[in-house]
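Listed in TrEMBL for this protein:
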- 1-47: domain 'Cytochrome b/b6 N-terminal region profile' (DOMAIN)
- 16-38: transmembrane segment (TRANSMEM)
- 48-111: domain 'Cytochrome b/b6 C-terminal region profile' (DOMAIN)
- 67-88: transmembrane segment (TRANSMEM)
Amino acid sequence: WLWGGFSVSNATLNRFFVLHFVMPFAIAAFAAIHLLFLHEKGSNNPLGISSNVNLIPFHIYYTVKDVVGFISLLGMLVAICFFLPNLLTDPENFIPANPLSTPIHIQPEWY
């Protein structure tokens, strides 16, 4: 069986976590490759009409603009993580732990 049986053990969890971690990156890579080939080669059309008019060549300006935007956004995120590490955290992380009481946000309705 693909998941290593019907019990949830270490091998099952490892496969599950690897699959769910890798899958978004694989989808993003396939989408990028698809857009790259779509812009350079065009799409198939059953009528045989030339679609060269609709092709948009990748220009160095747009590539550099995207890279600069990505680096600046990543730089802002890294700056927030380094200089204000608690800015994006949940305030309930700082509640002292009490093993004798269940936190309010995970209490069921019938509790």
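Every residue gets a Cβ built from N, Cα and C, even glycine.
Not one residue of the same chain 6+ positions outside the transmembrane segment (67-88) places its C-beta atom under 8 angstroms from a C-beta of that stretch. Here the domain 'Cytochrome b/b6 C-terminal region profile' (48-111) is broken down by DSSP into helix, strand and coil counts: 34 helix, 0 strand, 30 coil.
Averaged across the domain 'Cytochrome b/b6 C-terminal region profile' (48-111), pLDDT in this predicted model comes to 82.
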